[in-house]
Amino acid sequence: MDYFLYQEGTLHAEQCSVVDLAHTYGTPLYIYSRATLERHWHAFDSAVANHPHLICYAVKANSNLAVLNVLARLGSGFDIVSGGELARVIEAGGDPSKVVFSGVGKTVAEMEMALGLGIYCFNVESAAELELLNEVALRLGKVAPVSLRVNPDVDAGTHPYISTGLKENKFGIAMEEAERIFIRAHQLPGLEVKGADCHIGSQLTEIQPFLDAMDRMLGLIDRLAEQGVNIAHLDVGGGLGVTYDDEQPPAPSDYAAALLDKLEGRDLKLIFEPGRAIAANAGIFVTQVLYLKENSDKNFALVDGAMNDLIRPSLYSAWQKIIPVVPRAGVERNYDVVGPVCETGDFLGKDRMLNLQAKDLLAVRSSGAYGFTMSSNYNSRPRAAEVMVDGDKHYVVRARETVSQLWQGEQLLP
Ligand SMILES: Cc1ncc(COP(=O)(O)O)c(C=O)c1O
Ligand SMILES: N[C@@H](CCCC[NH3+])C(=O)O
């Protein structure tokens, strides 16, 4: 359940009319709901309330400062993958001591920044990264808290581009090598082994792959204990799916209960890195119909939002629900909803039954995660504005880009 509902025949974000928001702020426009973000975060946090845990929201899903700030106020931790994301967390009032740093390509500058701020843990993804982090920490006179991201080689059953826990993926350390590298980490003076970590993919709609990964990780943790390497936390990554269409992913409470069951009394702190499950259905993307166009085979709704604003449909053939902001009575026709970008792959949805006229507003549901954060200026299109609704109030949390911002930092030759 989220807080984007029809009231009196028109779509609302909490108590705000989407028509009014679109008229006030223009389109294309991202709209987020604070109440939905908070409800989704609490769903995770309360699911593990009786067990030591940390919810580290995956910043990549939606890194708007206001979104991060809403979660920081709840006491959330954050999963980051770059110095830029770390800087955003700090700017938004997040607590660095609740930050885990994932990612296969951390630079020395990023390591220095994170060590300086005192993050909770580095999720180290290779033996080479481990050695470098040790050197950087020693040089700064620090001890880096580390967890090793292990690749448990389970099939997450999701889109190949967002599956991360198979041997053939670039992420993490192979299970066969994990013990050796953990022991090496344990011996290095600049490191302190805190945890073990895995993340098998995104938009998972079944519990079983998570449980398979957990079994393998717990086996590893037990083998490490026998060798004197004690693991204080298990980071199970993110990846819990959401409903875009008719998927029925497990609720955070069922997912967490199943994982807790596997712990069998172990005293392991659990870390979760949910991104999509918190942000996706806390946001919509609103676009206006510019033109209707038909040829002998197809009806096109040309809208002012495009793949540069919301790339998931083009990039992964992802399906997101497209609904009219003010539904019209009458006959629906089959439309491809397409943007102004000069690419055949520029579409928000194909074969959608809609009754449309020019200037109608459409909402693309489930756009709060991997929406704005993956947007670009392709075709020199300024990025959309972002608005956060809070009850009957609304705030611009990122202004629409101006055209002159498009070439900021560029220079003519002398
Ligand atoms: C290491 C890591 N943690 C967390 C996430 C968040 O994933 P999701 O948005 O599917 O919860 C990702 C992205 O897939 C990731 O790579
Ligand atoms: N960007 C992807 C998810 C990527 C997850 C990052 N590891 C999506 O929109 O589905």
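Using the three backbone atoms N, Cα and C, a Cβ is placed for every residue, glycine included.
Among the candidates R223, R266, R276, R400, the residue that TrEMBL annotates alongside R312, Y316, E343, Y370 as binding substrate is R276. Residues E273, P274, G275, R276, Y370 are recorded by TrEMBL as pyridoxal 5'-phosphate binders, and the candidate that the same record lists for that site, out of G239, G330, G339, G409, is G239. Ligand 2 lies under 6 Å from the Cβ of none of the binding-site residues G239, E273, P274, G275, R276, E343. Across the structure, Y316 (substrate binding site) and Y370 (pyridoxal 5'-phosphate binding site) place their CA atoms 12 angstrom apart.
For E273 (pyridoxal 5'-phosphate binding site) paired with K60 (N6-(pyridoxal phosphate)lysine), the C-alpha to C-alpha distance reads 11 Å. The two recorded residues, P274 (pyridoxal 5'-phosphate binding site) and R312 (substrate binding site), have Cα atoms 18 Å apart.
Taking a Cβ distance under 6 Å to any atom of ligand 1 as the criterion, the binding-site residues P274, R312, Y316, E343, Y370 reduce to P274. Taking the centroid of the Cβ atoms of G239, E273, P274, G275, R276, Y370 as the pyridoxal 5'-phosphate site, the other same-chain residues with Cβ within 8 Å of it are A58, K60, A61, S202, G238, L240, A277, I278, A279, A369.
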